[in-house]
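S.K.: Annotation comment: TrEMBL describes ASP143 as active site. Here TrEMBL flags GLU208 as active site, proton acceptor. Marked as Zn(2+) 2 binding site by TrEMBL: HIS141, ASP174, ASP235. The Zn(2+) 1 binding site annotation in TrEMBL covers ASP174, GLU209, HIS481. What TrEMBL lists as domain 'Peptidase M20 dimerisation' is 257-402. If you look up TrEMBL, you'll see 12-33 marked as transmembrane segment.
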Amino acid sequence: HSGRLTFKIFKFLKIIFSSFIITILLLFTIASLRTLSLDVNVGLQLAQWEKTNNISLAIDHHQREELLAHFKEAIRIPTVSFSETDINTTALLQFDRLLRKAFPTVFSSSLVDHEVVANYSHLFWVKGSQPDLEPYLLLAHIDVVPASESDGWEAPPFSAKEIDGFIYGRGTIDDKSQVMGILQALEYLLIKGYAPRRGFYIGLGHDEEVSGYQGAMNIMHILKQRDAQLSFVLDEGLAVLDGVISGLEGPAALIGISEKGSATVKLSVSMAPGHSSMPPRETSIGILAAAVKRLEENPMPRLFGHGPERGTFEHLAHKFGLPMKFIMSNLWLFSSLLGRVLERKPDTNAFVRTTTAVTMFNAGVKVNVIPALAEAYVNLRIHSAQSLQEVLDLIQSTVGDQRVKMELVNGFDPLPVSSSDERAFGFQIIKKTVLDMFPTVTVAPGICIGNTDSRHFKDLTNDIYRFAPAWFKPGDAQRFHGINERISKKNYEELITFYFSLIQNCDIQKLPDPHSSVHEL
């Protein structure tokens, strides 16, 4: 009798074990098939694109000298935004004069309407011959963040000095290369007699670095008044990463399809002041320090795989070797594992969760006085899968102390995620333009962890993209808002060529049928 029971138990365990093995094998087979077949990049590359007679851009020696001279002049004008109320208006007016001098055809062409917005920003409307084609908007910004040579620059930050084929200066990447690149491309197109079929806007904001509430915001209001509906918006954001992502074969062009949200929260503790000779058990500083420590020790939840970062990894998967290729092709199985790996480094942790940074801490007036007030400021960048309100609730529960007062200084939700599939006109046109110029690059959607002027335009379009073909090698990302910001002369010329082609590529009526690419495969 007991023998039969043992046999039944053994049989039951055998079934469980076999089921477990079969499940593992099945998962492994599905994962392996997906690893071998996942190449989300082929897409429309093989499809029949509408024919356009694109003018090609051949820059001669004289033009090259001239375009570089104008670009350097743009860098030398210190259009610095210190704060919302402190911007260099003298420099902004000087920049206006430079634009008119550098791009005479843009300012005199009958195809182009130009207006100054909020005294220092610019809006251009380039008329299309087919008004039924929905227009798009190219965005860039004129202002820069402060820079001082004493921080350790190799060349003065507003000198536009040339070292080894690179032009150094604040704004060379962020964002005067786009400002000048877009207008230079349009200047060349108009000189060559080009007239667009699809009309488009160019918006140049003057206060992006201090949130764009005057420049971009007013450009948006003007477009709204005119009932403009935009096919897409293209602004600064991500770039071409070359050797930056370890293990990836070849460069990757990441097109930003969303931005993290942002919040600044003030935490404060108020108590009756007292003399240091008779201290209470806990001081305002101690209570606040403990609250801040709890925030640092309990990071926001891991959300890797629940936002646009999933698409980035799936698009790049086939360019990795094993085992990474296997893991990244199967995020349905491995996203929590990959999230745990990525959270170890600050730069990749930003893709995994809402980040929490305590940036200011103020307390105390005198060495022998127990302060009445202690304040700390926390800056958060909110993951796409969370809302501002959820984050505030989490801070409240993590701090878990009624004596700590919490106040939202400013903040907004993560931006909507723009489409990046085979029907996404803007995304596919940008992708095609990149691949025509740089065939070895892998194009993938990405997420911006910082914010841009484009966020003000979310009511005018569903599709906002953040990208310029600036090439970033290891260490270059630190130059952005840091020291030794620079761009190579060759790369600046590539930016002009990119916009020169992009504008023409936008003239197609519609994208090719996505099914045709599958049949040809």
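Glycine too: its Cβ is placed from the backbone N, Cα and C atoms.
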S.K.: Round to the nearest Å and give the CA-to-CA distance linking ASP235 (Zn(2+) 2 binding site) with GLU209 (Zn(2+) 1 binding site).
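M.R.: Cα to Cα, ASP235 (Zn(2+) 2 binding site) and GLU209 (Zn(2+) 1 binding site) are separated by 14 Å.
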S.K.: Across the domain 'Peptidase M20 dimerisation' (257-402), what are the DSSP residue counts per state (helix, strand, coil)?
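M.R.: DSSP composition of the domain 'Peptidase M20 dimerisation' (257-402): 59 helix, 37 strand, 50 coil.
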S.K.: Should any of the recorded positions GLU208, GLU209, HIS481 have a Cα within 10 Å of the Cα of HIS141 (Zn(2+) 2 binding site), which are they?
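M.R.: Those close enough are GLU208, GLU209.
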S.K.: Centre the Cβ atoms of HIS141, ASP174, ASP235, go out 8 Å, and tell me which other residues of that chain have a Cβ in range of the Zn(2+) 2 site.
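M.R.: Residues close to the Zn(2+) 2 site, other than HIS141, ASP174, ASP235: LEU139, ALA140, ASP175, GLN178, GLY205, GLU208, GLU236, GLY237, THR452, ASP453.
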S.K.: Roughly how many angstrom lie between the C-alpha atoms of GLU209 (Zn(2+) 1 binding site) and ASP143 (active site)?
M.R.: 7
S.K.: Around the C-beta of ASP143 (active site), how many further C-beta atoms are within 10 angstroms, looking at every protein chain?
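M.R.: Step by step: centre on the Cβ of ASP143 (active site), count other Cβ atoms within 10 Å, giving 29.
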S.K.: When the pLDDT values for the domain 'Peptidase M20 dimerisation' (257-402) are averaged, what is the result?
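M.R.: Value for the domain 'Peptidase M20 dimerisation' (257-402), mean pLDDT as a whole number: 94.
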S.K.: Out of the recorded positions ASP143, ASP174, HIS481, give me the one sitting nearest to GLU208 (active site, proton acceptor) by CA distance.
M.R.: ASP143
S.K.: Taking 8 Å from the centroid of the Cβ atoms of ASP174, GLU209, HIS481 as the cut-off, which other residues in that chain fall inside it around the Zn(2+) 1 site?
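M.R.: Apart from the listed residues, the neighbours are VAL144, VAL145, ASP175, PHE480.
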S.K.: Inside 10 Å of the Cβ of GLU208 (active site, proton acceptor), count up the other Cβ atoms and send me the figure.
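M.R.: A count of 28.
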S.K.: Could you check the binding-site residues HIS141, HIS481 and say which one's CB has the most other CB atoms within 10 Å?
M.R.: HIS141
S.K.: So if I measure Cβ to Cβ from ASP174 (Zn(2+) 2 binding site) and keep only same-chain residues at least 6 apart in sequence, which ones fall under 8 Å?
M.R.: VAL144, VAL145, GLU236, PHE480, HIS481, GLU485
S.K.: Quiz question: given the binding-site residues GLU209, ASP235, which has the greatest number of C-beta atoms lying within 10 angstroms of its own C-beta?
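M.R.: Answer returned by the neighbour count: ASP235.
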